[in-house]
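Visitor: One structure, as structure tokens, below. Some questions next.
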Amino acid sequence: LCGSQFWNSTETWYTNDPDFTPCFEQTALVWMPCAFYRLFVIFDFYYLKASLDRNIPWNKLNVTKALVNLGLLVITALDLVMALVKKGGDSGLPRYDLDVWGPIIKFATFLLLFMFIPLNRKYGVQTTGCQFLFWFLLTVLAIPRCRTEVRLNADRQKILDSAQPSEQDFSWEEYQFVSFFIFFTFSSIMLILNCFADGMPRQTKYQRGENEIPELSASFLSRITYQWFDSMALKGYRNPLEEKDLWDLRPQDSCSEVMPIFAHHWNQKVRKNYKGRARVEPKAQFSNGNVTFENPHGEKSGRKKGMASIMPPIYKSFGGVFLFGALMKLFTDVLTFAQPQVLSLIISFVEAHETDPQPEWKGILYAVLLFVLAAAQTFILGQYFHRMFIVGLRIRTALINAIYRKALRISNSTKKEPTVGEIVNLMAVDAQRFMELTTYLNMIWSAPLQIGLALYFLWQQLGPSVLAGLAVMIILIPVNGVIASRIKTYQIRQMKYKDERVKLMNEVLSGIKVLKLYAWEPSFEKQV
């Protein structure tokens, strides 16, 4: 592939002066960011489709991005041309596959990124995480080659200083040195530029005023570090927050955006359960959080009552964000158990320092790796909870809206069946339970995964003693089941009391005049 060894553990790991091979630096460390972006570029297309804004004006930021990206395209194309001219044929230098395919892969990736600059401007996308992560990985993974190129150039310079003036010609190695550092400089500039969000779009679906939430215009770096929230935290630290201090809700989370999506899937579910085309609206009944639609054609048509469950519409409306959050939860669980493994390596490094001393750089590497894993887990876990709270908020918004609209549309005969207390509790309590449940719903699969990984790693440290802890967990499962069953029973009984209380309060408020005239306040107060 590149005329040299791809991996050499003697030079990389079993040495006091570690370094990657040139082949590894020019292939794996460059192609990994390219593969990452091509794998996740679908998210950039999704952001274009889901954007509510349009037409960001040309400004210094996006013009500079376009020029620097164009410079990367030029230098990459020049690498390919120089490889075809300087190597192979009569030049005496062998031409390897890397000399051709390396620039082609980079050129294709940079061209894709260059195309997104005007597309993001047209569709009002101010920042994208995939592009920031690509430039971050490309810049960080290019640092080992910087060290290698500087060393090689220093050795080359010593040879040139001792050579005759006629022998000092511009070699292929010198071109590679200059070309790489131009490439590294441009990549670093692109990383810095992607730390900032683009300008405000000219056309917006919703009016964006001075009180809009800063998250809308924040860059990806600001979003993952929650730097956009600093002003609110500082204001709350100085003075108690009031309602006027709060920002406007994000348009994506507003009822006008959430409800049409849920209503579309809900209507599809209702039509699937009720296929008849009767002029009379099917009679609706509320039961255990479901809506029952009776068949107006009667039993002669052979159709039975159909249950319209709210869960399939919820899955279809908000399942995408929830699944992305579940993927983040998986990464968090893996990172949680990766940290003890690194800590074990640090302990082994310290214990072996007296008997079999290892190079000092390994201890530094373990310490840095432990910090990186902890930081990555913190960032991902924060984004996971943020997204889960947003999904729960949208589900709660959709359910309250759907229940309220249905309560306004049901017939007078149907209104006698569900009490006012039941309808109010559906909107106030049951919808809120969905919001609370969403945040921890992933524990259904996350908890067994964490228990399994914990038992596996503990078995390596403690052996069969782990089975004692496993036995305690198994014994506690029936106990937890009994407790959960009792809690459920009490909650159902409590909800009935709430329904009766709200119904009674509604009657009290409706007949407050009669209640005052007859002085029935004490008796009704006792009932309430």
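Backbone N, Cα and C define each Cβ position, glycine as well.
Note that TrEMBL annotation is computational and uncurated.
I grabbed these lines from TrEMBL:
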DOMAIN    323-528  domain 'ABC transmembrane type-1'
TRANSMEM  28-47  transmembrane segment
TRANSMEM  67-85  transmembrane segment
TRANSMEM  100-117  transmembrane segment
TRANSMEM  124-143  transmembrane segment
TRANSMEM  175-197  transmembrane segment
TRANSMEM  313-331  transmembrane segment
TRANSMEM  364-386  transmembrane segment
TRANSMEM  440-459  transmembrane segment
TRANSMEM  465-487  transmembrane segment
Visitor: In terms of Cβ proximity under 8 Å, which residues at least six beyond the ends of the transmembrane segment (100-117) contact it?
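Guide: Long-range Cβ neighbours of the transmembrane segment (100-117): 26-27, 30-31, 34, 37-38, 41, 44, 62, 65-66, 69-70, 72-73, 76-77, 79-80, 83-84, 128, 131, 134.
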Visitor: Residue list, the transmembrane segment (28-47) vs rest of chain: Cβ under 8 Å, 6 or more residues beyond ends.
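Guide: Contacts of the transmembrane segment (28-47) (Cβ under 8 Å, skipping residues fewer than 6 from its ends): 20, 102, 105-106, 109, 112-113, 116, 125, 128-131, 133-134, 137-138, 141-142, 144-145.
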Visitor: Based on Cβ pairs under 8 Å, which of the stretches 175-197, 313-331, 364-386, 440-459 lies most in contact with the transmembrane segment (465-487)?
Guide: 440-459
Visitor: Using a Cβ cut-off under 8 Å, which residues of the same chain at least 6 positions beyond either end of the transmembrane segment (364-386) come close to it?
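Guide: Residues 224-226, 325, 328-329, 331-332, 335-336, 338-339, 342-343, 345-346, 349, 439 contact the transmembrane segment (364-386) from elsewhere in the chain.
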Visitor: I need to check the long-range neighbours of the transmembrane segment (440-459): which residues 6 or more away from its ends have a CB within less than 8 Å of a CB in the stretch?
Guide: 325-326, 329-330, 333, 336-337, 340-341, 388, 466, 469-470, 473
